[in-house]
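Now, the feature entries from Swiss-Prot:
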type     : residues  : note
COMPBIAS : 90-110    : compositional bias 'Low complexity'
COMPBIAS : 161-196   : compositional bias 'Low complexity'
COMPBIAS : 211-228   : compositional bias 'Low complexity'
COMPBIAS : 244-264   : compositional bias 'Acidic residues'
COMPBIAS : 319-336   : compositional bias 'Basic and acidic residues'
COMPBIAS : 337-349   : compositional bias 'Low complexity'
COMPBIAS : 942-951   : compositional bias 'Basic residues'
COMPBIAS : 952-970   : compositional bias 'Low complexity'
COMPBIAS : 977-1003  : compositional bias 'Polar residues'
COMPBIAS : 1013-1022 : compositional bias 'Basic and acidic residues'
DOMAIN   : 1-483     : domain 'SPX'
DOMAIN   : 738-940   : domain 'EXS'
REGION   : 86-118    : region 'Disordered'
REGION   : 160-271   : region 'Disordered'
REGION   : 318-354   : region 'Disordered'
REGION   : 939-1031  : region 'Disordered'
TRANSMEM : 536-556   : transmembrane segment
TRANSMEM : 573-593   : transmembrane segment
TRANSMEM : 622-642   : transmembrane segment
TRANSMEM : 654-674   : transmembrane segment
TRANSMEM : 703-723   : transmembrane segment
TRANSMEM : 776-796   : transmembrane segment
TRANSMEM : 803-823   : transmembrane segment
TRANSMEM : 854-874   : transmembrane segment
TRANSMEM : 887-907   : transmembrane segment
Amino acid sequence: MKFRDLLNDHIISHWRDKYIDYEYLKDLIDREYHNAPNSLNNSMMIDMSQSINNTIAEQYSVNDISSMVTKGGINDSPTTDIEVDETADSPAIPSPIISHSNINSNNNNNGGTNSVGFSHLHRQLNRQNSNLKNSSNSINLLKADDSNNIEKHVKSYFDQRNNNNNINNINNNNNNNSNNSNNSNNNKTIKNTRNIIADDDGGNEDTTLGSPFSSPSIGSPPMSSPSPKMLKQELHSPLLTSEKDEDEEEEGEEEEDIEMEQLELDDHDKNTTINMTANGSRGNLRKGMNQFVKTIPQNIKQLNSQISNSFLKFGGMVKGDKSNDKNNDKSNDKNNNKNNKNNNNNNNLNDEDNFDMMTSQIEKVLNNKDNMKLMESCTFTTKENFQTAFVDQVNKVDSFFVERYRKTKEKCVELCNMIPFLSTNEQLRTIRNIEFVKQGFQDNYHYLESLEAFKELNIKGFKKVLEKYEKKNRIISSECRKYLENTRIFENDSPVRFLSHRIKHLYARYFTGNDVKLASNQIKTYAEDERFQKYNLFTIGLLIGVCIVLGIQVVFNYYYYYPHEQPPIDSPLAWLLFRISLLPILLGTMFSLMSFIWEKSGINYVFIFEFKPDHKRSPGRYLKYGLIFNTLWLLALNLYIDSSSHQNTTRYLILIPIVFVLITLIIGIQPFPIMAHRTRFWVLKKIVKVVSAPWVPVRFPDFFMSVQLLSLGEFLFNIQSMVCVFNYSALDPEEVKFCSQSRFFALPVLNALPYWWRVAQCFRRYYETRQFFPHITSAIRSIFSIIALVLNYIALEYSQHDWSIIKIAWFGINVVGSFYKFYADMSVDWGFFNNYKTNPAWPLREKLVFKKKWIYYVAITLDFFLRFTWLIIFSIRKGSKHRLDNPLFLFFFSLTEVVWATQFIFFRVESEHVQSPDTYSSFQDIPIPFSQEYNNYMDEKKKRRKRKQKQSKSNNNNNNNNNNNNNNNNRLHHNDSSNNVETDETITSSNNTDSSHQKQPLTHNRHHNHNHNHQDHHDLSINDHMNPDTGDINFDSKIDYKDDEAYNLRQSSLRTSISRNASHVDLGRVSSHNDLNISRG
C-alpha cells in the first residue's frame, strides 16, 4: 500500500495541516534531480569562491589547481552562492556583494559549451598544453572586436604563454607590463552584468572576459553577436566602475539608467532573490536593499578579502600575479611581490575602502530616481531545497506533537484534582458530575492514542522520504536522518505511553474498583461501533429508496390525476405551505451532506459552528433524520394530490399541509431526548439569538442561521415581486388572488424581517470590532433587499402602469443590488477577488482546501447565475403569458434558493477554516459544570499551601537557631576542658537537656500541623500520585519532553551540518556536470 493512500486513510481531519507534506517533499526531490546529471534544466547553486576565479585560473599551476579541486575550493572561507541558469545567451560577470549574475552554458552549433568549475578546467589544461605548469603570467582580457578575431587572440595567447615558459628571467618585466596593460583597462565601463563592455569613447564592443577557456573553444564556430534583448538590457552598474571612471563620466557624459532583472542577496544559509517586474513600488526595493545592506557588516567582512580581490581581477582591475613557478629565483619573487604591492597601492583600494565603496554604491543605486523607474517591483522569494523543507516539516510535526501532549497532561492533572474535590462535597457529587470526570479521562486517553498514531504515521512518512532521497544523495540523507532521530518524536521511551498507562490505572482505581481489564474496556475510544454504523447505513439506504419511489409517484399522480383545469379552492395556499415546509427540510439534509464533505476534507466545522466537542455526532445520523422528514413530506404531498382528484374531499384538502406543518413543528420543539434533541435545541437557541440582534453578541453560528432565514425571505420576496409588479392588469384571477397577498401590509413586513436581522447583526459586529470591512460591507447587501421590498410594495399599491418611475427605480435597484450581492459573496464571505496586486492566485485565494480549482470557478459561475434568477423570471413574465404561480415552476424556483444557501454556507465555512487554520485547530477545553465551586476550592487550596510553606520555613529557621546554639555550647565545652570533670559533665548534661527541650516543640509542632491540616487528608488518599511539595497529583516522571539548551544546541548544530554538506554536494554535482565540459579544439 502506498504511503499516500495510508496517510489519507488514517489522517485526523482537523489535524490535516499538521501532518507531513509528503507530496511536497517528493516533488522537491523530483524537481531537484530531474534528469540529473545529464541536463541543467533546473537552477543550481555553485560556490562563488570557485566560479569567480574561473577566469584567473591560469595564475595557478596545474598542481595547485589539483590540490584546490581535492580540497573543494581556494580556501575554507565561507562561500557566496550564484545561480546557474542556461536560458541566457552568454556567460556573465559575477558581481559580488549585490548582483550574482547568471553563469550560463551557451551551446554552439557543434555542441561546444563554456566551462564552470576547476575540475573541468584542470582536465582541459592538461589536454591543451602540458607545459603550462610553470606559467605565472597574469590573465589577459580577450578583446573581441568582432567574432572573427577570437581565434587570433587565442593563438596569440598560447604563443605568449609558450614564450614565457622559455624565458624565465624576464618574468618580472612581463608582470609589470601586464599590470600596466590591465591598469589601462580600468578606464573601461562595464555596461552590462552579462558581457557587454563600453570603451572609453562610449562605443559598445562585444567582449568576453576571462581566459580562452571561458570563451568558445578552439575550432568552434565564431561567437554570435549579442541578441537584441541583451543589448536592450545594457546597464551601467556603478558597482563595476572605479572612482576614476565616475569622475570622467561626470565630466563627459551622463550615467545611463540601471536596469536590474535579478538581485541575489546571499546571507549564508538564507538565499534571497529579488525579482523586478513591470509593476510594483520603489519603496519595496529600497526596503529589500536596506535589509541586505544591514547584513553586510556581519557577513561580507569575512568574505571581503577573497571576493573583492577576485572581483577586481575579474573586472580588469588586477591587483597582481600570484606566481607559483618553482623554478623562479627568490629574488625574482621578491621583486614581483614589491611591484605587485606598488601596483595595488597605486591603482586599487584596500579591503576597507573597497567595502566602503561598495556600500556607498548601493546607496547610490537606491538614491538614483531615474534608475528607479526601471525597478518598479520587488518581491522576495526563498529558494526551495529538500534539506530545508525537510527540517521545516520535522520541526512542524515535532512542535505540534509536544504542545498537544503537554496540553493533555495539564487536563489530566486538572481531572485528578477534581476527584478529591467531589469526594468531599456531597452536593456536587452527582451522577452528571462524576460522568463528566469519567468522560474526561476517556477523552484524554483517546486523545493520547490519536497523538501516538499521529507520531507513528509521520515518522513512517519521513523514513519513506529519506529512503527515496537516499538514492539521489546519500550524504544529505544521512544528515537529515540524524536530525530526525534527535527530535522528540523519535524518542524510544515515549511519555505519551507513560501518561496513557497512568490514566488507565487512575481510572481503574476510582471508577472500576482496581479492575484494570474493565477500565481498559471502558476507556477505549468512544466512536460508534460497527454495529451502529451498519444500522445507520442500512436505514439511510432504505429511506433513500422510499424517497425515490414516492417522488416518482408524486410526479406521476400530478400529471395524470391532479385537476389542472379546476384545482381546489385553497390550492395556492396549500402549495405555499408545502414549499415553505420543504425548504428547512432540504436545508437540513444538505447540511448533513456538507458536514460529511467537511469532515473528509479536514475542515474543522465542529469548532467553527461552536458545537460541544464532548457530544457524539455523525453526518450519517443527520442524513438519516433529514431523509425521515423528506419521506414524511412526500407522503403528505402524495396524499394531497391523490385526494384532489376526488370532488368529495376537495373541501378538506387544506388540512393535509396544515397538519404536516404542525407535526413537523411539534417534533422540532418537543423536549424529549429523541430525534437528535441536542441539535434541535441548538437550532432553536440560534434562532432566538438571531431574533435578539443587535442586543446580543454575534458569533458565526448566528450568522449561519440568519442565512438560512434569508433564503426563506428571498424566496417569498422574489416570487411575489416577479409575478405581481408588472402586467398586473393581465394576470389571471388566481394570480390576482396570489398577488393580493403582497398588497397586505403584514406580508412585506414579514419578508423584510430576515434582512433586518442580518443588518442588525452586521452593525453589532461593527460595534464590537470597529471594522468597516467586512461587516458594513455585508450589511449593505441586505439593505439593497429592504429598499427593493419597499419599492415593490409601493408599486403594487399606487402604480398600475408597466414602466412607471417607481417600477424603473425598483428594476434599477435590483440590478445594482444583484451585482453588489455577487461581489459581497465573493469578496466578503468567500475571500475571492481580493488583493489583486499581492495575491498570486487571484481571483481565488492563496489558501484553498480543494486542490482542483475548477470547483471554485464552477461555484463562482453558479452564484452569479443564482443572483440573477429574478431577471430570468422577469423576462418570462414580460415575454409570455405563462402562469408563474404554477406549482411545478415555484417548486423548482425554491430548489434554486436551497442550492444558493447550501453553496454559500459551504464555501463560507471553507473560507473561515483556511483563513485561520491555527485558531480552528487549537486545543479546546470542555467547560466544567461546577467551575465556580472548583475554582474556589483550588484558591483555598493554594492559600493553605502558602501558609504551610511559611510555617515550614519558620520551623526550619528555629531548627537552625537551635543547632547554632548547640554548636556554641559544644565549643564552650571544649574550651573549658582544662577544668574538672564534674563541671564538664554538668555543662554537657544541661546542654543535652536544653537540646531535647528545643526539639520536642518541633515534633509537637509537626504533629499539630498535621492535625490542623486534617481537612486536606482526602488529598493523601491518592498518595501514590501525590507531589509531596505541592499536594497535587503528580504526573511528572523522568520520561518527559524537554526544551533545554542542550537540545536546542544539538538541533542547531545538526542544521548547520546539513547546510554545509548540502553546499559541498551541490558544488560537486554542478562541477562534474556533463554539460559543463569544454569541447576539444
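Note that the numbers count up from 1, one per residue, in the order the chain is shown.
The backbone N, Cα and C atoms fix where each Cβ goes, glycine too.
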Please give the sequence-distant neighbours of the transmembrane segment (622-642): residues at least 6 beyond its ends with Cβ less than 8 Å from one of its Cβ atoms.
536, 539-540, 543-544, 546-547, 550-551, 553-554, 557-558, 561-562, 574, 578, 581-582, 585-586, 588-589, 591-593, 595-596, 653, 656-657, 659-660, 663-664, 675-676, 679
Please determine whether the transmembrane segment (776-796) and the transmembrane segment (654-674) are in contact (criterion: at least three Cβ-Cβ distances under 8 Å, sequence separation 6 or more).
no
Listed stretch, out of 573-593, 803-823, 854-874, that has the most CB pairs under 8 angstroms to the transmembrane segment (654-674):
573-593
Pop the mean pLDDT for the domain 'EXS' (738-940) in here, whole number is fine.
80
Helix-strand-coil residue split for the compositional bias 'Basic residues' (942-951), DSSP-based:
10 helix, 0 strand, 0 coil
